[in-house]
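Some features that TrEMBL has for this protein:
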- B:17-438: domain 'DUF112' (DOMAIN)
- B:20-46: transmembrane segment (TRANSMEM)
- B:58-83: transmembrane segment (TRANSMEM)
- B:103-136: transmembrane segment (TRANSMEM)
- B:148-181: transmembrane segment (TRANSMEM)
- B:201-221: transmembrane segment (TRANSMEM)
- B:252-279: transmembrane segment (TRANSMEM)
- B:328-349: transmembrane segment (TRANSMEM)
- B:358-380: transmembrane segment (TRANSMEM)
- B:386-404: transmembrane segment (TRANSMEM)
- B:463-486: transmembrane segment (TRANSMEM)
Amino acid sequence: MPVKLKTALIGAVAATAIATSASAQEFPTKPVEMTILFGSTAQTIGQLLADLMSKNLPEPVVPVMRSGGGGSVGYQYVHSMDADGYNIVWNSNSISTSFHSGKIDFDYTAFTPIAKISTEVPAIAVRADSGWETIGDMAADLLASGEKLKIGASGDGSFTHLTTEALLAAVGLSDQAINVPYDQGRAPVELLAGRLDAAVQWPGQFISHHEAGTLRILCLTSAERVPAMPDIPTCAESGAEGIDIEMWRGLAAPAGTPDDVIMVLQDAAEKAVASAEFQEASETLGFVPDFEDHAAFGELIARDDAIIGKLMADLGLKAQ
Amino acid sequence: MDLLIAALQVTVSPVTLIAIFSGCLLGVIFGAIPGLTFTVAMALVVPMSFALDAAPAIGLLLGTYIGGMTGGSVSAILLGIPGTPSAAATVLDGYPLTRHGKASLALGTAVVASAFGGFVSLIIMMFSVDFVAGLAMRFGPAETFGLLIFGLSTICGLSAGSIVKGLIGAIIGLMVMTIGVDEMSGMQRLTFGTITLQQGINILVAMIALFAVPHVIDAFVQHYRSDRELNELADVRAELPSIRDLARNFWLMLRCSLIGTGVGAIPGTGGPIAAFLAYAHAKKTSKTPEKFGQGAMEGVVAPETANNAVTGGAMIPLLSLGIPGDPATAILLSGLLIHGLIPGPMLFLEHSLEIYEIYLAIVAAYAFVVAIQLLGIRFFVQLLRVPAHLLAVGIVIMCGYGAFTIRNSVFDVVAAAVLGAMAYGLNRARIPLTPIILGLVLGPSIEREFRTAMILSEGRLDIFYTSVPAAGFLLVAFLIVGIQLFKSVRAYFAKSSPKVKSDASTQSN
């Protein structure tokens, strides 16, 4: 009897294994739809990623724009789809900001992580003629004079806004700053024109002005220097202690998507990130390719969600 | 000069020319079909551009942008439905011209005016990019707010008689655009707690609702009311404008090109605003302003010149400062970035060859667009032979599909239908469309600029009158509204007083 059970068990396990590998090989039998939540750089990276993943899969990955509501529209759409791997989302920390601000009523656990793809590190810049070389200089100067700092970022609750608040808190300027929300891309010009004293945006928006000597990037918010910009210090080096902020982008599917399907997508994503085209695009678009598998990615999302939730609660931006 | 020759070699290579041509063709088609716009077309061609070299890739994107901006006039003139928001002002006189049997003439004039506007803005971009960028940089939130209010004040001249109905229209337009998540503070407005309404009303959906849906309903109502409709539009001639016709409007086109380039260079504005400002300007300076709205050729020339001049104008802050002024230039920006061209001051120093390639690509794109459209006119006008109710079916399909493709959302299709039915009601109540559109187009920008300005000034209103441009625009806007109010009040009394007099005279007799 025990022998028979054992054989049966082995048989069952073997059968499952065969079934699993068969279904993994079958996936995908139709195009996979990748929902893109934001325009601009996020859209371009997403389109490129989809294009490169298609080369490693029997069926294409089709990027589809579902923007609006700060990402909530697209998250809602993918959340409502079947968990079969044919609907995935090109996601980011916006899953946490959307949930905590109350725009969506489900959190990151509504999605199964597939893989982390890239990181982007916000930068803080000032005018070159401001006389501020480091963020420490800026803080010391303003704290001494008592003047207010007009600092621009994207809209309230956006990632650059949260970064701004974290930076201000780190240098003790929280109560001495006026936060000016701009729609995408305007803050650097406002800084150049002198209507702002500082701006927190993505380095790609500052780099040309930084090289031309009109603006100065004070620091990048990651814990370590960004390889593409080795001369620019981290904010911790520049005088804002403990700052370690990165925005990640990755892929996720509705919770409950079978593991073998996730693995197929993860492997296609890994090959795409490793490709020469992706590496080349990362330099021109200003992001860091940073592949992590679904397990590591899941831990990152959970860890970040706690940090973002706390930051938003501190700022009074948390709705749930 | 060497650079120009080197750039010429790249641009006239077959691959680049084919890319520019394909972009133009695609742009014209997407622009011409109501509901599909060049922004959608550009998003579609971006992945294709990945595989191309820098010059053909940028040519493809620029061609799509320029083709789409020009193509929007086709359906505006033929059907009275603007193919893109930028062509909304073209409807005002373009469609009446079609009704008078001058469709091909209007189309031909629109194409030439578009190309003229494009070339003037290109020349301005080539020779004074730093100067214009510097000027544009002076336009902060307060100044842009002033400009937008000035744009909104032109409603007075465009509301066809009743200023009250004009204001009602403008406010409806402003209100519709507040639905959804407020981008600045993340607050939900008029969403009734639903996620569906969080995405807000897309401007394209609103355009479809305002123009296409009432058009379709009208066509069906007429079809079923009278068993045989008069096909007054059957007079289809492929008549092109003569050089003399065009030369007569030379100075108007030049002025409208400057308006378009200037408005285009200011981030946060765009094609629709430039087109309406140019239209209002043309009407104001015309010797026969009463003909506007009845089929005045200047009413087509002005907005078409201006909205194409916006393409060159918008390239100025894009290339020199790295600031995309609208969604289309934002897509162009990612196209540039992926090919290693980082816009900003360094672009002109490090990539002057590519800059010349961009200039030449724009020239080539306009040459193609003019060729495509002038050849296409004889085919476009055949559309008018199709019975109105059958054409309406086609429009329904196109618009339904167009509304869906914007964000792949059924909500947008439903929203277009619901708002469209409401727009039909407004039509019947003789609420003019133009103020609604101005409200739709300008509303979100006006609100954003005002709020940003108030945050910058820490809540003090002096930011609006201490800046010369802001104060100037606001003053002119108030003058326009004030004069119009004064005129209509006087007209009201002038109309009623003779009647009183005549009554008195009859009594005395």
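Backbone N, Cα and C atoms are what each Cβ position is placed from, and that goes for glycine too.
Here the transmembrane segment (B:20-46) does not touch the transmembrane segment (B:103-136). Their Cβ atoms form fewer than 3 pairs under 8 Å, with each pair 6 or more residues apart. At the 8 Å Cβ cutoff, the transmembrane segment (B:103-136) and the transmembrane segment (B:252-279) share at least 3 close pairs (sequence separation 6 or more) and count as touching. Model confidence over the domain 'DUF112' (B:17-438) is summarised by a mean pLDDT of 87. Away from its own ends, the transmembrane segment (B:386-404) comes close to residues 33-36, 40, 79, 81, 204-205, 208, 212-213, 215-216, 219-220, 222-223, 229, 231, 410, 412-413, 415-416 of its chain (Cβ-Cβ under 8 Å, at least six residues beyond either end).
Looking at which of B:58-83, B:328-349, B:358-380, B:463-486 has the most CB pairs under 8 Å to the transmembrane segment (B:201-221), the answer is the stretch B:58-83. Using a Cβ-Cβ cut-off under 8 Å and counting only residues 6 or more beyond its ends in the same chain, the transmembrane segment (B:58-83) has close neighbours at 11, 16-17, 19-34, 36-39, 41-42, 45-46, 48-49, 52, 90-91, 94-95, 97-98, 103, 106-107, 110-111, 114-115, 118, 207, 211-212, 215, 271, 300, 304, 307-308, 310-311, 328-329, 331-332, 335-336, 339, 341, 354, 357-358, 361-362, 364-366, 368-369, 372-373, 376, 380-381, 383-384, 391, 395.
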